[in-house]
Amino acid sequence: MLQCRRLPNAGGRGSFSGPLGKGSRKALREALLSWLQKLAGKRGRKVASSSSSGELTIHNIQQLTVSPVREPSLGNQRRTSTRSNSGSICSLRGSIHSKTSSVSKPSTDYYAACRNSRRSAIDLTASHSCRNEASLKEMQSTTSFLAVYSFFTTAHRGSHANIIKARHRHTHERVAVKVYNKEQIPGILWENITREIRILTMAEGAEGIVQLRNSYEDENQAIAVLEDCTGGTLISRMASKGGQLSEQMCAQTVVKPLLETLAWLHSQGIVLRDLKPEHVMFDGNGSLRLVDFFSAAIVGEDSLISREGTLAYMAPEMVHKPTPEEVFNEVIGHGLSEADFPAYTQKVDIWSLGVIIFEALTGRQPFLAETAEDLRDVQDKTLASHGGLRTSLDSIKMREHMSPSALDFLTSIMRIDPDERPSAKELLDHAWLVSACRASLLSARTHESTDSFVSAVSPPKATHTR
Ligand SMILES: Nc1ncnc2c1ncn2[C@@H]1O[C@H](COP(=O)(O)OP(=O)(O)OP(=O)(O)O)[C@@H](O)[C@H]1O
């Protein structure tokens, strides 16, 4: 039984200490420790510690109640454990408040920590790939990373990670290194790093997905060494073509490979949840590469109930979803389960794809709003108005430039009801895509790549290797 008792504490702060009880409570203790430490967030404050005798001490927490709940009898045994998605045998009740706002967010990390005893990115990488297992044996820490790569140049400072260009000391291969500084990432998002590395490992050899060369991890950083996508992002490609792409080029170099990649990801149960032009990149040959799986989810393992992604590309059914913190609060506040929340599906990626195609063809984003509430209004008004997307195209004077077939393709995607949106696989057979790709290939043969976007002249890629 997990017991907590309040200790007197200077400064009026709450502090709890107590034995974890007999037997094997190690996993629970470690999970709680890990979770609580991550709640301390950026400032490195220690919130919990564990002695060798198994005593757990929680510092700086004003109010914490951990109460055991009896599980239906398991023969003659009764045991306490943690709540997991698959069933509750112990519940965490009450609220956890901290003096500082940075640790005030309860976190779905709790679920993950208790469910998995969190596997590190390295563990996951090693278990999914012999290639990486071999590499990781010789270079597991960030120190060994520095021994292998050099010539670092910052390429992008993102919200979760920095992208650094580097060069392998021996092979001289140029790589893009994604460096997560864990101290700058709220604990609630640490699971995302592990998941991203895992998806990239699963996608080894898959067309259309940036290739993971290796990964490293220590307590402060996680590092993913990636293939360098020297062809830039879709944004830069559009800019180099005057802000928008021709239908043929868009179909052949963006839509077709993107749909093939999405079809494969979806067949693997992976939902991107943050598909946008900044995450659509190209390699040196002009072949499309998706980057950034930080917000991705795996169907069956992750719940598809919270809001993720970027507003302008967010599907209508995603817009009003609660944040992960709100989900957690609802669950503990109302005795709910995550299964009580309506889930969205992989169709959220199809919507984002539609927005990307609209933008690539017109140079404009169709649904712009400052807040989630406004966005939903904009989506409704745009699509409910007579002619739907046609009206939007009229308003930006683009309608005469778009073929009826392309408009039909887009209209089939931009549906408020996700069930009405076709799957990626179905969209691959759409007449617009088929004929635009054919025309693109024909014109490439006759004009020797006048519309040079390298892969526009390449034969269609083979489908995914797995
Ligand atoms: N493999 C790569 N090769 C070259 N550039 C890359 C690569 N991966 C990412 N980048 C560049 O870094 C940018 C951000 O990458 P990514 O989205 O993975 O990081 P992030 O920390 O999530 O950033 P953000 O918060 O801006 O989305 C990309 O838009 C691209 O410009």
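Here the Cβ of each residue, glycine as well, is placed from N, Cα and C on the backbone.
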Region 'Disordered' according to TrEMBL, located in which of 1-22, 155-176, 375-396: 1-22
Euclidean distance between Cα atoms of D274 (active site, proton acceptor) and D292 (ATP binding site), Å: 8
Winner by Cβ contact number (other Cβ atoms within 10 Å) across the recorded positions K178, K276: K178
Where K178 (ATP binding site) falls in three-state DSSP terms: strand
Rounded inter-Cα distance in Å - K276 (SUMO2 cross-link), K178 (ATP binding site): 18
For the domain 'Protein kinase' (149-433), mean pLDDT (0 to 100): 93
Number of other Cβ atoms within 10 Å of the Cβ of D274 (active site, proton acceptor) across all protein chains: 20
